[in-house]
Amino acid sequence: MTLSFTARWRDELPATYTALLPTLLKNARLIWYNDKLAQQLAIPASLFDVTNGAGVWGGETLLPGMSPVAQVYSGHQFGVWAGQLGDGRGILLGEQLLADGSTLDWHLKGAGLTPYSRMGDGRAVLRSTIRESLASEAMHYLGIPTTRALSIVASDTPVQRETQETGAMLMRLAQSHMRFGHFEHFYYRREPEKVQQLADFAIRHYWPQWQDVPEKYVLWFEEVAARTGRLIVEWQTVGFSHGVMNTDNMSILGLTIDYGPFGFLDDYDPGFIGNHSDHQGRYRFDNQPSVALWNLQRLAQTLTPFIEIDALNRALDRYQDALLTHYGQRMRQKLGFFTEQKDDNVLLNELFSLMAREGSDYSRTFRMLSHTEQQSASSPLRDTFIDRAAFDAWFDRYRARLRTEAVDDALRQQQMQRVNPAVVLRNWLAQRAIDAAEQGDMAELHWLHEVLRQPFTDRDDDYASRPPEWGKRLEVSCSS
């Protein structure tokens, strides 16, 4: 089957990009590709059979229909207007036409200098490329909207970060790379007609059912707000900290995008800061819902030339509604509740308080709770707490709450184990794969990808265990 590509972004939004080709890496070689995703997209296996160079995966060749561009956008970074940003090292190669008529961006990250590189070198390093591939695939298999990773190319090109590393490229796929920052760019350039063109493009291609509706812009922004709310809930309930929620890292489609200093909670710490460059804690774990609303308000501001302010404020309420409604639903599922009762939040917050005091492992606590039997007065989870009396008191109230519903253990446990993962991408697991890959051993990288495809399957190895002490102290920054 021949892959078919189009260039809708290039053809319809000429003010938003610069056309250019990737800059090649030295001794580029394909070290991993996503076989399952490739099969789903009917990508010929022959494209991955690269024995001399890295082919399209290293930007050495283009497939028919590809028209590479680097996109321009702006944004607020750490709450401050940063001006023009853009794809400083990534190139949108083209948009794959799928059988259902939709498209999928092929975006090559680490593809070299662009007009938007500012002080950067246009490169991505092997370390950050591996982290993004693992994170995006982990999130996908957790059921969380995200970009996807299709391939990784390593090289011998030296790249200077805190230390000297080697350059790499990631082929990232997404339904769209449209960001809040695209709208901010033209709003602050006082070009409202181009802001409206972006909105028209989004509606035409992603919400075509509203094209001819008079209130199409309001409906569209309401949906952007609601999707953002649901995404943040998924992050919070699985214990994911993005680390750098700048407006240019926010997706119009409600996707998790731009994996940098991310982290999954180990010990439950609501104030967890994954990014050691975030000195003020703006993007700490428990502040993500507030930051997302702030970012939506910045996006709303760009839409004021063609949407009434009252309508924008009502749309922003959709974010809060989606956040609260979806959070309640998801946390009840995590606790094994099938109905909503007035004291559920009290019970949940008591558990969180106990976990915070004890430094309980976030994922393991909920996973172990999912094995609870109503008739059993004890739980293996009890042994993980120092204050057994406090846990016993909470557990008695929890079991009493379970007994208010006529649901047997098997059905409840099944529900809980579908939303409480046994495996998440802990930073130390990613680092172990990176360390091996930097020595030329890709086995752990490949195996970890396999493990992350089954996050809801119980395991008795270290992929599902608490991290070693050194693994809790890993520092992650925006450097990539």
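Even glycines carry a Cβ here, placed using N, Cα and C.
Checking the candidates Arg131, Arg172 against Swiss-Prot: the one annotated together with Gly86, Gly88, Arg89, Lys109, Asp121, Gly122, Arg179, Asp258 at the ATP site is Arg172.
Note: Arg89 (ATP binding site) has non-local neighbours Lys109, Gly110, Ala111, Gly112, Leu113, Thr114, Ser117, Gly120, Asp121, Gly122, Arg123, Ala124, i.e. same-chain residues 6+ apart with C-beta under 8 A of its own C-beta.
The two recorded residues Asp258 (ATP binding site) and Asp248 (active site, proton acceptor) have their Cα atoms spaced 9 Å from each other. It is 11 Å from the Cα atom of Gly86 (ATP binding site) to that of Asn249 (Mg(2+) binding site).
Classification of Arg89 (ATP binding site) by DSSP places it in coil, neither helical nor stranded. Pairwise Cα distances among Gly86, Gly88, Arg89, Lys109, Asp121, Gly122, Arg172, Arg179, Asp258, the recorded ATP-binding residues, top out at 22 Å.
Of all Cβ atoms in the shown protein chains, 16 besides its own fall within 10 Å of the Cβ of Asp121 (ATP binding site). All chains included, 23 other C-beta atoms sit within 10 angstroms of the C-beta of Gly86 (ATP binding site).
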